[in-house]
Amino acid sequence: MDLVQMQKSLQDYTKSLFLEGILDSQFLQLQQLQDESNPDFVSQVVTLFFQDSDRILNDLSLSLDQQVVDFKKVDPHVHQLKGSSSSIGAQRVKNACVVFRNFCEQQNVEACHRCLQQVKQEYYLVKNRLETLFKLEQQIVASGGMVPAVELGF
């Protein structure tokens, strides 16, 4: 695949992430913070999000598996995941966390288990998709090209 095709592929792939509701405009704002002095800014921020999210999801699983669920411990984890997913533009993860928090307020253990599975599903989807996006960007740079700015003219 030549450079122009790779750039077109990247643009199409990125647009699909927005059309599918996986990412929102916050991700574009994050990309705007990246410049020549910090060319890996977005991938570094997203990598930190992945590390934190993995820890939070593990903590949530442990908390919900207790005989007596302490919702005062569960809710802050869900709130933190909602905030961090919102800050990188992971829209579907954020939306799943909103529902999860509502069930935490109701102290509905069964619904919280279902929500945790939904959050995990959305998280692993966005993680996979962003890792693919970063690989496409790396291929373009390795081929001597520039990563094109994304224009979302739907």
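Each Cβ is built from the backbone N, Cα and C atoms, and glycine gets one as well.
Note that this is a predicted model, so its numbers are computed, not measured.
According to TrEMBL, the domain 'HPt' annotation covers 38-143. Confidence annotation: the domain 'HPt' (38-143) carries a mean pLDDT of 97 in the model.
The phosphohistidine annotation in TrEMBL covers His79.
Shown in sequence order, Cys97, Arg101 are the residues of the chain, 6+ apart in sequence, with a C-beta less than 8 angstroms from the C-beta of His79 (phosphohistidine).
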